[in-house]
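Database features (Swiss-Prot):
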{"type": "REGION", "residues": "18-40", "note": "region 'Disordered'"}
{"type": "BINDING", "residues": "C113, C118, C124, S360", "note": "[4Fe-4S] cluster 1 binding site"}
{"type": "DOMAIN", "residues": "129-349", "note": "domain 'Radical SAM core'"}
{"type": "BINDING", "residues": "C144, C148, C151", "note": "[4Fe-4S] cluster 2 binding site"}
Amino acid sequence: MQSRFTFLATRTLKSTTTKAKNRTFSSSTVESSTKQPPQFSQTLAGLRARLAVESPTLSDFIHLQSNNTYSVEVGTKKKPLPKPKWMREAIPGGEKYVQIKKKLRELKLHTVCEEAKCPNLGECWSGGETGTATATIMILGDTCTRGCRFCNVKTSRTPPPPDPNEPTNVAEAIASWGLDYVVITSVDRDDLADQGSGHFAETVHKLKTLKPNMLIEALVPDFRGDRGCVEKVAKSGLDVFAHNIETVEELQSSVRDHRANFKQSLDVLMMAKEYAPPGTLTKTSIMLGCGEAPEQVVKTMEKVRAAGVDVMTFGQYMRPSKRHMPVSEYITPDAFEKYKTLGMEMGFRYVASGPMVRSSYKAGEFYIKSMIESDRSVSSQLPIS
């Protein structure tokens, strides 16, 4: 696995060094247009050295902290402070929202939008600025075998067995909506021999058979790091393989279930890159406001990028209920924007970063859709060797 990591890191850095070497985001540095840019080695250390010269640095985030513009306090348990204005959610509504909710009830489908109390539910289901409604479908039931401290999905050691007809029913239901891009996710199913990977792969395959041109993002669990499970899903016909690391490396044990960890999640994303057909994107997401420090976020971004991940999203952690892990702070839009700038300079193909952004946020889906279509258009014009 170490050799695979080295290969991905080298390939990633080679593909991004050229396009970024002439750009700078340091407000205190003005480089002459005639000065030759420094050369950096094609390693993780080289990536860090280049970013120190060309991108927002930790001092930028520390400056935000010292000016009280990095985050806003949440108050105490007895005296909580009101949410900042940028965290106020819109009330769900609209004709499309009502139609989708009714359709989901008729088909007995579960969505992570509802189960996880996503703050963007109203925007995504009503169509938002794009006018196209989207929903993230959750398969393998509505009960998870794990108990992460941030998640609102109900848990059980022995959830009901999966519905064998679900792959067909879900595929037919989604195909009937006429969507261009859909996200399919699932709960963890540690109780199943294959962690639910076969059920997941079957759902994707059947949907792709019905709608060959539909772009499918699969937001999958870690399958306990099982290579065979990852391979099965990666080869199922999906367009985007997504798996969330959820938080920085240092907070994994206090935020996620004890069966999940940072290395295992990175391994899953690297395996997906290995097994999926060329052109398949990999994607991950982390929450901010869990108690992480800026330097931990930057270090996590470096490792994720060196693992070959194409897309990364950042959003504000929101406590689903008083039973869940408390929010440590509300990160400001300015700080989120700096993480986005840094991520693009690192070489991620797309970064969605904002207080209300979630891993399957609709604005990101449309951008990824256009990116995939552009890649395929270019690929189709290349001569066959």
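Placed from the backbone N, Cα and C atoms, the Cβ positions cover glycine too.
Overlay of Swiss-Prot feature records on the structure.
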{"residue": "C144", "record": "[4Fe-4S] cluster 2 binding site", "Cβ within 10 Å": "23"}
{"residue": "C148", "record": "[4Fe-4S] cluster 2 binding site", "Cβ within 10 Å": "20"}
{"residue": "C151", "record": "[4Fe-4S] cluster 2 binding site", "Cβ within 10 Å": "23"}
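Across the domain 'Radical SAM core' (129-349), the prediction's mean pLDDT works out to 91. When secondary structure is read from DSSP and collapsed to three states, C144 ([4Fe-4S] cluster 2 binding site) falls in the strand class.
What surrounds the [4Fe-4S] cluster 2 site, by Cβ distance within 8 Å of the Cβ centroid and not counting C144, C148, C151, is the set R146, G147, F150, N152, V153, T155, V187, D188, D257 from the same chain.
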